[in-house]
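Visitor: Pulled these from TrEMBL:
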- 21-34: compositional bias 'Low complexity' (COMPBIAS)
- 69-676: domain 'Major facilitator superfamily (MFS) profile' (DOMAIN)
- 474-529: domain 'Kazal-like' (DOMAIN)
- 69-88: transmembrane segment (TRANSMEM)
- 108-126: transmembrane segment (TRANSMEM)
- 138-159: transmembrane segment (TRANSMEM)
- 204-230: transmembrane segment (TRANSMEM)
- 242-269: transmembrane segment (TRANSMEM)
- 289-314: transmembrane segment (TRANSMEM)
- 361-384: transmembrane segment (TRANSMEM)
- 396-419: transmembrane segment (TRANSMEM)
- 431-451: transmembrane segment (TRANSMEM)
- 562-584: transmembrane segment (TRANSMEM)
- 605-623: transmembrane segment (TRANSMEM)
- 653-676: transmembrane segment (TRANSMEM)
Amino acid sequence: MSEATIELDSNTAAAPKPKCSNVNNNNSARSSRVGSASSGADSVADCQRFGWCGWNPAWLQHFCTAKWALFWLCWGGALQGLIVNGLINVSISTIERRFGLRSRQMGLVASGYDLASFACLVPVTYYGGRRGASKPRFIAIGLIVMGMGSLVFLLPNFLVGNYRATIAEANVCEPAGVASNSSHSMTACELNEMGEGQGESLTWTVWLFLAAQLLHGAGASPLFTLGVTYIDENVSKKMSSVYLGIYYTMATVGPAIGYVFGGQLLLIYTDWMTVDPVQLSLTSDSKVWIGAWWLGFIFAAAMCLLVALPIFGYPKLLPGAEKLQLERVSEAHATISEADDSNKVVRGLPRAVLSLLANPTFFFLNLAGATEGLVIAGFAAFLPKQIENQFSISPMYSALVMGLITVPAGGGGTFLGGYLVKKWNLACRGIIKMCLLATTVAALFTISFLVSCPNPKFAGVTTGYRMQTSSDFPALVASCNSNCGCSRTNYDPICGVDGVMYYSPCYAGCTQEEHSDSLKRYHNCSCIAHVGWVEEGSPFPETSYLRPDATNRKCDSTCQTLPLFVALCFILMVFTFLATMPALSATLRCVQDDQRSFALGLQWIKVRLLGTIPAPLIFGALIDESCILWQESCDKNAGGACLVYDNFYISRYMWLLALICKLGSVVFFACAWWFYVPPSRSSNANGKEDVN
C-alpha cells in the first residue's frame, strides 16, 4: 500500500523535504498534487536520472526512457518464465526418473514457487509501492535472489553419484542352476549394499528442489506487481495496455524458450563430463536415458545477474511521468470512487484490504484469475509430461512441441489481447466482456484433452506375454521367464520385434546380449515370438547384420493423433492467453489509482492461494492415480517414479480439470461484468471511453 494514500495537508506541503522525498512513485497523481510546486522541480529532475551510486553521466540518460525500462523488464519477465515455467517443467519427468520421485512430490516442488510468492507479495507490494520506494531496486534484488534459486536447483546433480542407466553389465536371463553370485545377476539393492550401485533413496532431494523454488518465488514476486505498476505509471493511459501487453508477451515467450532450450539440453547425457554414453550403448531414444537437465540453470543464473544490473540503475520515476499521472481519469468502481471523492482515503493495511474486498468487480476478477491460474499452472507443470507419455515421444520432442505451441499461441494471444484493448479503445466494462467471450471459446476447446492414444503394448502391464489376454495386470512374471530370477529393481526396458515393450531383457527371457556402438541387441528371447537369425535386407551384403529379437530402444508409437491434439491445444491456448492482458487492465482500472500496487499484490495472493499453489499438487496427484506400474525401490517407504501410465485415465483427468476451471472462469467473468458500475463520465453505452 502506498503512503500516497495518506492525506497531505497544507502543513505537510509547506514543510521542507529531503532531496527526492517528494517524488511520487505510485499511480495516484491526485493524492500528491498538493506540494508538487515548481520549487521541487530541480530535486525531482535529479532523482529521475539513470545510473548507479551517484554515477549518472549524460550519455547514460538515453536509456532513461519507458521503452528502455520496458526492454530490461521484459528480459526479467522472460527469465522468470524461462526458469520456472520452462526449464523446470520440461525437466520434471527426467528429474522424477533420475531421483526416483513421484508426481505428487514434484507437484510439491512446483508449488514452492507460488508459496514463496504468496508469502512475499504483501511486504513487497506494500513497501515497494510506498512513496519514495524504488520499484526498480526491489525488482533487481528479486532477480538476484531468483538467480541464487537456479544455482540451488542444480545442486542435487552434484550431490549424488553418477547416474547408472543399467545396474548389471548384462541384465539377461540366467536360468536356475547357473552361478547366481556374479555381479551380472545381482540386484540393484544388493549392489548398493556392496557400495557399487545407486539403489539408495534419493527422495531427500525433494527438499533441496523445494528450497530452490522458494527462492525462485521470492525473487520473482516484484516482477509482476511492482514491475507492472512501474510500467503503468510511466506511460500514458492509452499506451499502458500496449506496453503491458509486450511485457506479458515476453513473460509468455520465456517458457517457450525454456521448453525448446531445455529440450535440446536433454539430448546431452547428464554425466557427459565423466561418462561416454556410447560406451553404455545408450542413446536419447532409450527409456533409461537421462538428459543434462541441470545445464540450463547455470545459464539462467548468469542471465539473472546480468539483467539485474541495468534495472538497478533506473530511477524511482522516469522523466515526464508526473505529467502523465496528472492527466489520468479514474475508472474505479463507482461506489468506491464516490466514497473517496473528497480524497479522504483509508489509512492502514487492514482498512485497505477491506476497501478492495468491498469492490465486487475486483473480487470476481480475482476469482477468475484463480481458476485461470489453477489450469495454467497445472498444465504448465505437467503438460509436457502428459504429451510425452500420451503420445510415446521423447522428453526432447515433447519439449519442442510445447515450445512450438507456446510461442505463437501464448505469446501471440497475450500481445493480441493488449492490442485489441487499445485498438477498440475499450473501457473497463468492455474489457471484462472481452475476457468473458475469450474464456467461453477456450472452454469449448478443452476437448483437446480428450484426444488420446491407446496404451502402448507393455508385456505384463498392458498386454500379456506373446499377446495373450489376461485380467491380472501388472504381472511381469510369466511361464517364459519364471526360471530367470529377474529383479524388478533392474529396470532396463527393451523393444521386441513384435512391437511390445518388455521390462528388461531378463523379463523378456533373452539369454544373449550384443553391443554395437550405441545400441544393444538381444537374442534368444523366450518371451518374444521367435524371429531367428535372419539377415535384414540390404543392397550391400557386407553391411547386413543378423536381426535381433529386441533392442534397447523404445518402440515407435503407431498413434497418429498428435497433430490433432496440437491444433486443438493451440486454439485453446490462444483464447486462454487472449484474456490475460485484458483481465490485468480491468483489474488496474476498477480500483483507485493509489491502490493499484497493493491491489495487484492482493490479487496475486488470491490467485496463488486458490489457484497456482494447489494446482501442481492436484495435477500431480491425479497423474499418479493414472499410474499402472511403479518403479520398485530398495527403500519400501521411498516410493519411486511411475514407469507406465494409463492413457485413458490421464486424458480424462486432464480434461475434467480444464473444463471445470474454464467454466468457473466464465461464471466469474460474467459476475465481474454484471456487478461493475462505471463512473458515468468515463464510459458510454458502447463501452468506449469518452474521457481519456
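From the backbone N, Cα and C atoms, a Cβ is placed for every residue, glycine too.
Just tell me what is around each of these and how deep it sits.
Guide: Across all of the domain 'Kazal-like' (474-529), the predicted model scores a mean pLDDT of 83.
Note on the transmembrane segment (108-126): residues 1, 84, 88-89, 92, 138, 142, 206, 209-218, 220-222, 225-226, 349, 377, 381, 597-598, 600-602, 604-605, 608-609, 612-617, 620 of its chain, located 6 or more positions outside it, place their CB under 8 angstroms from a CB of the stretch.
Within its own chain, the transmembrane segment (138-159) is flanked in space by residues 73, 76, 79-80, 83, 88, 99, 124, 128, 202, 205, 208-209, 211-216, 218-223, 226-227, 230, 270, 293-294, 297-298, 300-305, 307-309, 311-312, which lie at least six positions past its ends and keep a Cβ under 8 Å from the stretch.
Within its own chain, the transmembrane segment (242-269) has Cβ neighbours under 8 Å at 66, 70, 73-75, 77-83, 85-87, 89-91, 94, 223-224, 227-228, 231-232, 235, 275, 277, 282, 284, 289-293, 295-296, 380, 384, 394-400, 402-403, 406-407, 410-415, 417-419, 421-422, 577, 580-581, 584-585, counting only residues six or more beyond its boundaries.
With a cut-off of 8 Å between Cβ atoms, the residues of this chain six or more beyond the transmembrane segment (289-314) that come close are 50-52, 56, 60, 63-64, 69, 72-73, 75-76, 79, 82-83, 87, 91, 94-95, 97-98, 136-137, 139-141, 143-144, 146-148, 150-151, 153-154, 157, 163, 165, 219, 258, 261-262, 265-270, 272, 277, 282-283, 395-396.
Long-range contacts of the transmembrane segment (605-623) within the same chain, counting only residues at least 6 positions beyond its ends with a Cβ under 8 Å from a Cβ of the stretch, are 102-111, 114-115, 117-118, 121-122, 366-367, 369-379, 381-382, 385-386, 642, 645, 650, 653-654, 657.
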Visitor: How about the transmembrane segment (562-584) and the transmembrane segment (396-419): do they have 3 or more C-beta pairs under 8 A, pairs 6 or more apart in sequence?
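Guide: Contact criterion met.
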Visitor: Using Cβ atoms and a strict cutoff of less than 8 Å, what residues sit near the transmembrane segment (431-451) while being 6 or more residues removed from its termini?
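Guide: Sequence-distant neighbours of the transmembrane segment (431-451): 361, 365, 368, 372, 417, 420-421, 561, 564-565, 568-569, 571-572, 575-576, 578-579, 582-583, 585-586, 589, 651-652, 654-655, 658-659, 662-663, 665-666, 669-670, 672-673, 676, 687.
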Visitor: How about long-range neighbours of the transmembrane segment (396-419): same chain, 6 or more residues beyond its ends, C-beta under 8 Å?
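Guide: That would be 90, 241-242, 244-246, 248-253, 255-257, 259-260, 262-264, 266-267, 284, 291, 383-385, 387-388, 434, 438, 562, 566, 569-571, 573-582, 585.
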Visitor: On the DSSP side of things, how many residues of the domain 'Kazal-like' (474-529) fall into helix, strand and coil, could you say?
Guide: 0 helix, 19 strand, 37 coil
